[in-house]
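Database features, via TrEMBL:
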type     : residues                                   : note
DOMAIN   : 3-139                                      : domain 'Nucleoside diphosphate kinase-like'
BINDING  : Lys11, Phe59, Arg87, Thr93, Arg104, Asn114 : ATP binding site
ACT_SITE : His117                                     : active site, pros-phosphohistidine intermediate
Amino acid sequence: MAEQLTLSIIKPNAVAKNAIGAICGRFEQAGLQIVAARMLHMSLEQASAFYAEHQGKGFFDELVGFMTSGPVLVMALQGEDAIAKNRELMGATNPANAAPGTIRADFADSFTENAVHGSDAPETAEREIGFFFPDGICKRTR
Ligand code: RTP
Ligand code: MG
């Protein structure tokens with residue numbers, strides 16, 4: 001598998017419970033490098049644009065309301081097979097189904113407040129990284 005980039009978001013509930021360090025530690029221990037990071041409190045416009053693929057779905061308003069409820073930490077992660085590796089570390093979307101030891105099993109509060117976001121494909125990762133880091137990232141070469 002090749003070196004990849006993926007976008008990670010530590011969501012407002014995980015930031016509020018002071019879990020940034022614990023979650024970033026899991027990424028680093030798994031060999032993912034943080035190559036961009038930005039803390040921000042998203043506007044309704046930003047969150048709606050970021051989640052445009054989910055517009056019209058039943059959970060959209062709740063999702064956007066939650067994602068704008070407090071600050072988030074947005075990161076680009078780099079590593080071997082980074083997209084799948086990150087999603088494995090995250091666990092299932094619904095924390096009730098998340099395997100023990102995954103980030104969502106340990107830090108999620110509900111289906112909506114599930115602690116983290118991770119890109120689901122290379123094209124999505126490229127769009128999502130460009131969305132939050134339009135000026136580029138510090139991609140590692142060593
Ligand atoms: P994410 O995009 O956050 O990494 O998570 P995902 O791919 O596993 O889930 P996705 O289907 O893309 O949904 C995006 C986020 O919307 C919320 N959600 N709530 N209550 C519900 O039925 C429901 N379904 C989705 C979650 O916060 C999910 O991560
Ligand atoms: Mg998704």
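Glycine too: its Cβ is placed from the backbone N, Cα and C atoms.
Geometry remark: Lys11 (ATP binding site) versus the residue listed as 'active site, pros-phosphohistidine intermediate', CA distance 7 Å.
Helix, strand and coil content of the domain 'Nucleoside diphosphate kinase-like' (3-139), in residues and according to DSSP, is 61 helix, 28 strand, 48 coil. The distance from the Cα of the residue listed as 'active site, pros-phosphohistidine intermediate' to the Cα of Arg87 (ATP binding site) comes to 9 Å. Taking a Cβ cut-off of under 6 Å from any atom of ligand 1, none of the binding-site residues Lys11, Arg87, Arg104 qualifies.
Sequence-distant neighbours of Phe59 (ATP binding site) (same chain, six or more apart, CB under 8 Å from its CB) are Phe111, Thr112, listed in sequence order. All protein chains included, Arg104 (ATP binding site) registers 23 other Cβ atoms within 10 Å of its own Cβ. Each residue in the domain 'Nucleoside diphosphate kinase-like' (3-139) has a pLDDT score, and their mean in this model is 98. Within the same chain, the residues at least 6 positions away from Arg87 (ATP binding site) whose Cβ sits under 8 Å from its Cβ are Gly118, Asp120, listed in sequence order.
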